[in-house]
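J.: Okay, so Swiss-Prot annotates it like this:
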BINDING   GLU31, GLY36  Ca(2+) binding site
BINDING   HIS54, HIS480  Fe(II)-heme a binding site
BINDING   HIS343, HIS392, HIS393  Cu cation binding site
BINDING   TYR347  O2 binding site
BINDING   HIS470, ASP471  Mg(2+) binding site
BINDING   HIS478  heme a3 binding site
TRANSMEM  8-28  transmembrane segment
TRANSMEM  56-76  transmembrane segment
TRANSMEM  90-110  transmembrane segment
TRANSMEM  247-267  transmembrane segment
TRANSMEM  282-302  transmembrane segment
TRANSMEM  337-357  transmembrane segment
TRANSMEM  376-396  transmembrane segment
TRANSMEM  410-430  transmembrane segment
TRANSMEM  438-458  transmembrane segment
TRANSMEM  475-495  transmembrane segment
TRANSMEM  513-533  transmembrane segment
TRANSMEM  555-575  transmembrane segment
Amino acid sequence: MNHKRIALNYFYFSMWTGLSGAALATMIRLEMAYPGSPFFKGDSIKYLQVATAHGLIMVFFVVVPIFFGGFANFLIPYHVGSKDVAFPRLNSIGFWIQPLGFLLVAKIAFLRTTSWKYYDKTSFFLQPYNKSLYRDFFNFLTGELSFNPFKKSLDESLFLFLWKPRKKITNTEYTSFFFNPLNLSFLDSFFYYSDNLWSLANKVVSSRRKKIYVTKCSNRAAVTAGWTFITPFSSNMKYSGFGAQDVLSVAVVLAGISTTISLLTLITRRTLVAPGLRNRRVLIPFITISLLLTLRLLAIVTPILGAAVLMSLMDRHWQTSFFDFAYGGDPILFQHLFWFFGHPEVYILIIPSFGVANIVLPFYTMRRMSSKHHMIWAVYVMAYMGFVVWGHHMYLVGLDHRSRNIYSTITIMICLPATIKLVNWTLTLANAAIHVDLVFLFFCSYVFFFLTGGFTGMWLSHVGLNISVHDTFYVVAHFHLMLAGAAMMGAFTGLYYYYNTFFDVQYSKIFGFLHLVYYSAGIWTTFFPMFFLGFSGLPRRIHDFPAFFLGWHGLASCGHFLTLAGVCFFFFGIFDSTSENKSSILANFGIPKIAKRAHLYFFKISYNNYTNEIASELPKVEVRKFIIENTFGEYECVKLVPVTK
């Protein structure tokens with residue numbers, strides 16, 4: 001239940017989920033590397049399954065656990081002067097719910113897409129028990145709709161409870177979901193011929209049988225709604241049968257429950273802070289300010305998503321009509337609810353990286369952040385303006401021109417606080433004694449990704465351009481540069497900056513540099529060509545494309561493998577640093593290497609005249625043991641006497 005242990009669990013969990021998401025992305029890029037569906041062999045349902053699972057895993061189970069599970073759990077208690085989170089046991093429960101949701105989403109990518117039977121709102125697998133019945137069933141599939149495939153079994157009602165042993169059918173695609181360890185004929189018939197008792201009851205009471213729908217690629221495994229759960233595809237059994245869509249809905253609800261439980265243990269920091277820090281934001285590190293702000297945003301928008309998904313499930317199974325237009329519902333309402341969650345979620349994923357940048361930049365420029373008050377207010381304005389611009393995701397659903405103009409104007413206005421941040425970063429870098437290190441290079445890469453993603457997003461705020469490129473690869477390139485580029489670069493920057501604090505070892509500079517070069521080059525090579533594909537009008541969510549676009553898609557697939565190489569170097573670096581057990585020193589635990597007189601105000605504690613000589617003379621300590629054995633209040637007792645010359 002220790003908050004540091006739970007934070008490390010979140011980090012390790014995000015690493016494994018990131019690998020699974022990268023594997024799904026590899027399947028997508030192999031499919032799109034060449035025209036003609038070379039990987040999925042024309043199976044469009046499988047492509048939708050993989051793309052949906054990839055999107056949900058990367059958003060809900062990679063980026064969110066890194067920032068709000070890893071960084072927040074580890075750093076916030078120390079930065080506010082608390083020994084632990086408010087509810088440690090609840091915090092542990094919140095983490096262990098995450099793998100359940102992840103496993104449900106990951107299963108979607110591996111569902112079978114052929115030979116399914118859809119039986120109104122009750123689905124089961126159909127397994128004929130002999131070749132003649134299989135031939136009759138094939139005739140039923142090919143057009144004899146009046147034929148009942150269970151007629152022969154009903155005629156043999158003498159064997160209703162004593163079936164003959166089932167024979168294996170060769171040259172078919174049928175498989176078994178049930179396992180009968182004792183090979184009992186009654187259990188065998190009960191599982192594989194579950195319609196017999198129902199058919200017999202129908203025969204007795206002369207009631208009308210339910211309709212049977214059988215297709216080669218039935219909708220039980222279909223996820224036509226995508227990762228956005230768009231209605232009516234997600235709320236109507238006609239488009240997504242009983243199966244995959246319900247699993248996705250339950251997984252998202254579990255992820256929302258886990259996130260809500262975790263943020264409740266951290267958002268109560270006002271009752272845990274040290275005296276004098278309750279209303280003094282300037283005395284709290286910027287990363288903690290950004291994390292606490294985004295936790296508030298999560299507390300607002302996560303219940304909205306959960307309510308929308310639950311209403312969709314009720315439409316599917318309990319015959320309600322929240323999103324059914326035929327019975328007075330509104331399918332557009334779900335999109336409003338989802339994007340009221342979805343657009344603040346974008347800022348929830350990117351704002352913590354602002355905090356990381358504002359922690360890293362003063363450390364490597366040897367000067368204070370330029371205008372910290374303006375940086376704080378810029379982040380607050382950006383976060384709360386994100387609640388009123390969700391409509392720019394919905395220009396194509398039939399919004400009137402007045403609503404479009406309002407959403408477009410406010411979206412453009414969000415560029416102002418983002419510009420304030422970039423200007424302050426530039427002023428901090430101006431005339432600074434910059435110490436170029438691996439973490440600083442990650443910060444520079446993060447800024448370039450954020451600039452490109454922000455500019456392309458600003459262009460999407462224009463209604464005319466958005467309508468033209470909304471369903472093209474332009475949008476794919478934009479949000480991947482923001483998430484896989486800016487958000488993940490911010491996470492890597494913070495991870496390398498706090499590497500000694502988190503893992504008690506020094507990172508490998510060689511593998512870290514290779515990780516930076518290959519990952520950055522791979523992301524640019526993968527997604528920058530997609531801007532040209534989008535301007536050419538190539539639609540997204542389609543698993544095939546004309547040969548005319550082979551060049552750009554081939555380049556994007558090559559870039560993806562560069563990104564995979566960078567991810568491999570990241571794990572090689574972790575293995576190298578932990579296997580060699582490179583000891584960390586207290587100087588890397590948060591004391592800046594300053595070569596000139598400086599004043600570092602850290603919770604009303606003033607440290608003056610710290611030099612490189614003092615930092616190098618600090619004894620080597622076990623940082624993990626130091627953190628666990630000392631609470632934050634005892635840090636004030638640790639005094640380092642400056643060298644007097």
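Residue 1 is the first one shown; counting continues down the chain.
Just so it is clear, glycine is given a Cβ too, placed from its N, Cα and C backbone atoms.
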J.: Tell me the Cα distance separating ASP471 (Mg(2+) binding site) from HIS392 (Cu cation binding site), rounded to the nearest angstrom.
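T.: Each residue's Cα considered, HIS392 (Cu cation binding site) and ASP471 (Mg(2+) binding site) end up 13 Å apart.
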J.: What is the set of residues, excluding HIS343, HIS392, HIS393, whose C-beta falls within 8 angstroms of the centroid of the C-beta atoms at the Cu cation site?
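T.: Here the nearby residues are TRP339, GLY342, VAL389, TRP390, GLY391, MET394, TYR407, THR411.
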J.: Between GLY36 (Ca(2+) binding site) and ASP471 (Mg(2+) binding site), how many Å separate their Cα atoms?
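T.: Here the two Cα atoms are 21 Å apart.
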J.: Can you tell me which of the binding-site residues HIS54, ASP471, HIS478 is spatially closest to TYR347 (O2 binding site)? Compare CA atoms only.
T.: HIS478
J.: Minimum Cβ neighbour count within 10 Å among the binding-site residues GLU31, ASP471: which residue?
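T.: Comparing Cβ neighbours within 10 Å for the binding-site residues GLU31, ASP471, ASP471 has the fewest.
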J.: What Cα-Cα separation, expressed in whole Å, is found between GLU31 (Ca(2+) binding site) and HIS480 (Fe(II)-heme a binding site)?
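T.: About 18 Å separate the Cα atoms of these two residues.
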J.: Compare the Cα of HIS393 (Cu cation binding site) against each of the binding-site residues HIS54, ASP471, HIS480 and report the nearest.
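T.: Closest by Cα: ASP471.
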J.: Given the cut-off of 8 Å on Cβ pairs that are 6 or more apart in sequence, determine whether the transmembrane segment (438-458) and the transmembrane segment (513-533) share at least 3 such pairs.
T.: yes
J.: Considering pairs 6 or more residues apart, do the transmembrane segment (56-76) and the transmembrane segment (247-267) have at least three CB pairs under 8 Å?
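T.: Answer yes, regions in contact.
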J.: Where, among 282-302, 337-357, 475-495, 555-575, do we find the most CB pairs under 8 A to the transmembrane segment (8-28)?
T.: 555-575
J.: How would DSSP class HIS392 (Cu cation binding site) in three states?
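T.: DSSP assigns HIS392 (Cu cation binding site) to helix.
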J.: Give the helix, strand or coil assignment DSSP yields for the residue listed as 'heme a3 binding site'.
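T.: Its secondary structure by DSSP: helix.
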J.: If I take the alpha carbons of HIS54 (Fe(II)-heme a binding site) and HIS343 (Cu cation binding site), what is the distance between them in whole Å?
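T.: So the Cα of HIS343 (Cu cation binding site) lies 19 Å away from that of HIS54 (Fe(II)-heme a binding site).
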J.: Taking the Cβ of HIS392 (Cu cation binding site) as centre, how many other Cβ atoms lie within 10 Å?
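T.: Looking across every protein chain shown, the total is 23.
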J.: Out of 90-110, 282-302, 376-396, 513-533, 555-575, which stretch touches the transmembrane segment (337-357) the most, going by CB pairs under 8 Å?
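T.: It is 282-302 that shares the most Cβ pairs under 8 Å with the transmembrane segment (337-357).
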